[in-house]
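Noted in Swiss-Prot for the protein shown:
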BINDING   22-29, 70-74, 128-131, 159-160  GTP binding site
COMPBIAS  201-211  compositional bias 'Polar residues'
LIPID     CYS214  S-geranylgeranyl cysteine
LIPID     CYS215  S-geranylgeranyl cysteine
REGION    182-218  region 'Disordered'
MOTIF     44-52  motif 'Effector region'
Amino acid sequence: MAVAPARARSDYDYLIKLLLIGDSGVGKSCLLLRFSDDTFTTSFITTIGIDFKIRTVELDGKRIKLQIWDTAGQERFRTITTAYYRGAMGILLVYDVTDESSFNNIRNWMKNIEQHASDSVNKILVGNKADMDESKRAVPTSKGQALADEYGIKFFETSAKTNQNVEQVFLSIAKDIKQRLTESDTKAEPQGIKITKQDANKASSSSTNEKSACCSYV
């Protein structure tokens with residue numbers, strides 16, 4: 001079950017953890033850097049293990065702190081990656097539109113999600129490097145959309161190089177997660193517990209400690 005977002009900090013209302021997964025070389029790190037720092041580099045360095053960036057955005061008047069984890073795509077690092085599935089509230093499955101094998105492997109990554117992530121985790125399919133010449137494209141847009149439809153998830157084609165749809169894909173999944181969490185909170189509200197005045201005092205004194213603890217999965 002997804003961990004509830006921390007809301008006790010002064011600089012944000014929600015803390016949402018996102019995970020970027022996909023084969024090595026599909027551009028996960030480039031997407032992350034473009035979204036977090038608005039930078040792009042042609043020099044490619046393979047991610048070793050796990051790295052993350054943070055960016056705070058505003059959605060519907062709420063400050064959303066996005067903690068975005070970039071994972072290594074190599075087989076030998078998948079055991080490291082699986083430990084980070086559990087706390088993820090949203091997962092971006094990334095493939096390279098010029099590399100058909102990276103697209104075909106999305107099904108394997110989806111199996112990993114089903115095995116290790118929360119049942120309620122939000123997912124989105126991302127076809128990266130959409131700026132490449134059509135002669136180099138190996139995966140048609142229609143094929144990506146068909147796979148997304150099969151899984152019942154949203155689909156975007158992006159380019160970290162030109163910044164095509166990068167902002168949109170991250171904000172889209174963040175908005176869907178916020179909506180899910182808000183609906184979950186609303187449903188939980190009627191399930192109150194009657195407490196005595198003594199219990200209330202105890203709860204009040206302990207709430208500060210609880211609120212100061214950020215998400216345990218960070």
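Here the Cβ of each residue, glycine as well, is placed from N, Cα and C on the backbone.
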### Assigned conformation of THR71 (GTP binding site) - DSSP reduced to three states
strand
### Message
Return the count of C-beta atoms lying within 10 angstroms of the C-beta of THR71 (GTP binding site), excluding that atom itself.
### Response
25
### Query
If you count Cβ atoms within 10 Å of the Cβ of ALA160 (GTP binding site), leaving out that atom itself, what do you get?
23
### Message
Which secondary structure state does DSSP assign to LYS28 (GTP binding site), in the simple three-class scheme?
### Response
helix
### Summary
Top of the binding-site residues GLY22, GLY25 by count of other CB atoms within 10 A is GLY22
### Task
Tally every other Cβ atom lying within 10 Å of the Cβ atom of ALA130 (GTP binding site).
21
